[in-house]
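Peer 1: Provided herewith is a single structure, encoded as structure tokens, for subsequent inquiry.
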Amino acid sequence: MSRRSMSQDLTRKNQDLRKATEGLAKSKRKATNVEDERERRDKAVEEEEGEESTKLEMNILAKKWSYVFEDEILHRDSFHNDHKTSSFRATYVLSRNNKVDVCSEGHLTVTNYLLFFEPDDDNTLPGGSHHLIFPLSYICRLSVKERPKVYPTKSTSTVNKDNASIASVSTSILNTTSTSSISTSSSNHNNNNNNNNNNNTTTPVDVFELEFTTRRYRPVKFQVDKSLRIEALMEMLRMLIFPSEVHLTFAFTYARRHPIGHKFLVDRGDSKEKESPDGEVWSWSTYNVYEEFKRMGVDYERETESLQTTTNTGTNTNITGGSRYRCTKVNTNYEICDTYPQTLYVPAAVIDEDIKQVALFRKKGRIPAMTWKERHSNVAMFRCSQPQVGVTGQRSNADEWMIEKIVEANDSVRDSILYVMDARPKLNAQLNKAKGAGFENASFYKNIIIDFLNIPNIHVMRKSRQALSRIIHTPKHKDKDWLVQLANTEWLQYIRKLLKGTYKIVSVIKTQQCSVLCHCSDGWDRTSQLCCLAQLCMDGYYRTLKGFIVLIEKDWLYFGHQFDTRIGHRLDDANGDDERSPVFEQFIDCVWQLTQQFPTLFQFTPNFLLVLLDHVYSCRFGTFLGSCPKQREQWSLHQHTLSLWTFLQNSHHSASFVNCFYRPNTFRHTIFPLYHSKSIRFWNDCYLRHCPEHIMHIAPEFAQDSSQDKLLLQLKLELEEAKKENALLLAKVRANAHVVEQDMD
């Protein structure tokens, strides 16, 4: 070959190489532009969600139909379908360390929803009688004993020194012939009152002492005269407090012929999601599983169409591009798990037959199901129950295959790892092997790391909460020992462990870009706590009012937390309380901790959390009745009871639920919880709002100091008013300048 031909060939190759390089650069720029466009689109969607969250509108029913839900304290005499069953004279007694602190005569009234006490003299209850108004469903235990009568004297009363001394009063209650109506004899009461005013000493008299214990372990005591038919009264109370059937609870009675509620009862006979009669009003259909996972980047219709061939043929081909997860209806009739929802999201490469095999290996059939996915990637969080390995180390090929596909579905990083976050202490997990359960063997599963979070079980939490209640309501220690006694309950220590576990999950997902599988024993207590707290930290949508409601619906109600047994609705603790535990209350406490650590990142206030927690126990709404979707469908709660979410949006206190300092531009912010002991606070407004000191004194002594918040709110309102005035002045200046320009022309 000549030198000239070699030169021409080299030139031609250089030109081809230049063209290939330019083509590669163009394709890279095109791919980059597509990615940038997708990122801009996703960012625009998030900004739109943030703007929608600021458009939150409360009390919609008041504006459209002039209706606001009743309040237990403000409207205790005018509740819909609430009827008085009995009213009789009683003495409220508050005693600590064998010393009577409060003794107040008055009337105790029982309705089919409420129990409330009205004192004859408000001065005998300086903290107010609202401490003694609560739904009957709050009560978990009641007992009656014969006790010596306690008389209100100046030494046991907390009135001001300038007030006249309160004379001793003895009551006389007439026998009744009906269990539904117990009345008093006012004439006998007046005579006894006059006699006691004339005598400085009284003769000891035995009376009946009624003691109620609430489901949050607060004791409340009343003394009634022995002439009262106590057997009939106790029978009536037990029938109202512990109904034998769920349809006898007040939630069903309250919704019957409700003036506005019929507009929001949803027919779930076909088990399909229905739209709310008004999209703005929160109700039973506020949570839509398809819309929620579509928000996360898993489009049900698109993924079903693209994966139809894969699932039908039974082949497990690799899925490239887009979401690697799919929706499955394998549990439509609750065949594989009766405590799971009908619609589940799993890795796209896992077929339904494999899911059925996995359900046989996981306790109670609670398979690994996706509960959250990062919108911009395939990093996801799954939840399930413990595997049934037993002492012999049983294995399941289907379970190992599914875990492997969860690992492969995350294409965000090369050589991805799945973190199995076991909420239990490792010793407890090992002991469960003797019961046929246990935990995953890392040598059998590819690319997994097991991390034990050392969170104790429900029985330890119950004992801790009971100890906390004892030091609040019936203390046997001096005031100087309060912090020591609080530490001994270990309640804040368990809050710290939950926040630390949350921190680990958030760090793995956000920092390492690895997926997480979270479980405890059954996968419905500690699992729900950790999954929800992690999602609150990673997803700004759940930090809005509506988003928080969606989160509770998804991870607590739809994934089968056992509210019926953990809260103990309709259950008498006298027959045992082994399954009761403050799991949800503990979760709400952790949420409050986050709102205190990051006060501008949450749209809701602590007051919202308090009202929500109160109505978990109230049985006024059907939202928290039942333990799983299947049970709620069987009870037809959507058709015969009202949703708590409608109340929270349309109550007298709804305006106080919105955080005025919330910044909607924090949607993309990730929260890393502060879990050190110095960062954990005690929630005074929740645990101390009914403590003896609040009842004994006019001014609440232990409420959280909100003076700074009120000052900041006032300054913010003044700043907004100043901005409006400046805008008006600027508009006037521009208008005047325009007029001057026209005159000059």
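Here the Cβ of each residue, glycine as well, is placed from N, Cα and C on the backbone.
As annotated in TrEMBL:
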ACT_SITE  CYS520  active site, phosphocysteine intermediate
BINDING   ASN432, LYS433, ALA434, LYS435, ASN457, ILE458, CYS520, SER521, ASP522, GLY523, TRP524, ASP525, ARG526  substrate binding site
COMPBIAS  10-21  compositional bias 'Basic and acidic residues'
COMPBIAS  32-44  compositional bias 'Basic and acidic residues'
DOMAIN    283-687  domain 'Myotubularin phosphatase'
REGION    1-53  region 'Disordered'
REGION    178-203  region 'Disordered'
Peer 1: Roughly how many Å separate the Cα of ASN457 (substrate binding site) from that of the residue listed as 'active site, phosphocysteine intermediate', to the nearest whole number?
Peer 2: 9
Peer 1: Taking just the CA atoms, what is the gap between ALA434 (substrate binding site) and CYS520 (active site, phosphocysteine intermediate) in Å?
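Peer 2: Answer for this pair: 16 Å between alpha carbons.
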Peer 1: Near the Cβ of ALA434 (substrate binding site), how many other Cβ atoms are there if near means within 10 Å?
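Peer 2: Summing over all protein chains shown, ALA434 (substrate binding site) has 10 other Cβ atoms within 10 Å.
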Peer 1: Can you check how the pLDDT averages out over the domain 'Myotubularin phosphatase' (283-687)?
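Peer 2: Mean model confidence (pLDDT) across the domain 'Myotubularin phosphatase' (283-687) is 91.
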Peer 1: Tell me the Cβ neighbour count for ARG526 (substrate binding site), meaning other Cβ atoms within 10 Å of its Cβ, over all protein chains shown.
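Peer 2: The answer is 29.
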Peer 1: What is the separation, in Å, between the Cα atoms of ASN432 (substrate binding site) and CYS520 (active site, phosphocysteine intermediate)?
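Peer 2: Cα-Cα, rounded: 11 Å.
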Peer 1: Cα distance, ARG526 (substrate binding site) to the residue listed as 'active site, phosphocysteine intermediate', nearest Å?
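Peer 2: Roughly 6 Å, rounded to the nearest whole number.
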Peer 1: Within 10 Å of its Cβ, which one of these binding-site residues (ASN432, ASN457) has the largest number of other Cβ atoms?
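Peer 2: The largest 10 Å Cβ neighbour count belongs to ASN432.
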